[in-house]
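Record features (Swiss-Prot):
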DOMAIN    109-165  domain 'BRX 1'
REGION    185-259  region 'Disordered'
COMPBIAS  195-205  compositional bias 'Acidic residues'
COMPBIAS  206-220  compositional bias 'Low complexity'
COMPBIAS  221-231  compositional bias 'Gly residues'
COMPBIAS  250-259  compositional bias 'Basic and acidic residues'
DOMAIN    267-322  domain 'BRX 2'
């Protein structure tokens with residue numbers, strides 16, 4: 001018996017090959033679908049980016065216009081008027097501050113000189129560029145007291161005026177008065193003078209120019225009007241001039257001579273009014289005592305305390321004595 005397996009074997013191989021072909025085709029289809037999904041996603045993202053670009057551009061334009069708008073509004077409200085600026089500080093120049101600017105410039109031109117330690121001079125240059133104006137004089141308290149400052153200015157006034165070309169203008173009365181007042185305030189007052197000094201002094205008009213009722217304080221050393229106390233430079237005496245000396249010539253002397261006895265009977269002496277206070281008293285026989293000079297000891301009184309004492313006791317002394 002002859003059996004042939006060729007036909008049967010060939011049919012099975014064809015079905016197997018067909019099955020492989022079907023599986024291969026199905027796999028290709030699946031791969032193609034997956035790739036298509038990725039492509040669709042990419043195309044979708046590209047469309048979204050294209051749609052968002054105009055919106056972003058519009059937002060940027062709106063933001064830029066919002067930032068520029070205030071400047072444009074300011075330019076429109078200015079009415080086309082251009083504002084001037086300073087070349088040095090780039091600040092706006094206004095037309096209404098001419099006087100203030102001039103005063104500020106005058107203040108900027110002032111300068112301070114220190115001719116000696118503790119002495120400060122505030123100077124302002126004049127228009128000629130050579131001379132200066134003296135604005136202020138300041139003394140340091142730790143170096144000078146009131147009396148030392150007065151003495152320094154009295155001794156160095158001419159030297160300072162020559163050194164810094166201080167000129168007193170003739171055409172400026174206000175400045176002239178200010179300088180004169182400053183000099184009068186800084187110079188020490190005239191101390192008490194004795195009767196012998198007044199006798200030697202030929203010029204009696206100067207002594208009679210002071211009012212009898214005026215009391216001026218002398219910060220310097222003084223000499224008593226009688227024979228009791230005489231002061232030299234550095235004397236521990238503070239003098240108070242209460243009246244002009246009656247032995248010199250003047251209107252006061254003429255009036256006194258009409259109502260009083262001869263000058264030969266006039267007497268003066270020194271009394272100690274209280275500890276550290278010496279008064280020079282003068283009188284005619286049988287007449288009221290006249291207070292000629294008040295002197296205070298430097299050991300007990302300083303410059304300020306002496307002035308305070310005089311203001312507190314002036315009325316009482318005026319009640320006891322005639323000035």
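Glycine residues also receive a Cβ, built from the backbone N, Cα and C atoms like all the rest.
Here the domain 'BRX 2' (267-322) has, by DSSP, the following mix of helix, strand and coil residues: 18 helix, 24 strand, 14 coil. In the domain 'BRX 1' (109-165), helix, strand and coil residues by DSSP number 19 helix, 21 strand, 17 coil.
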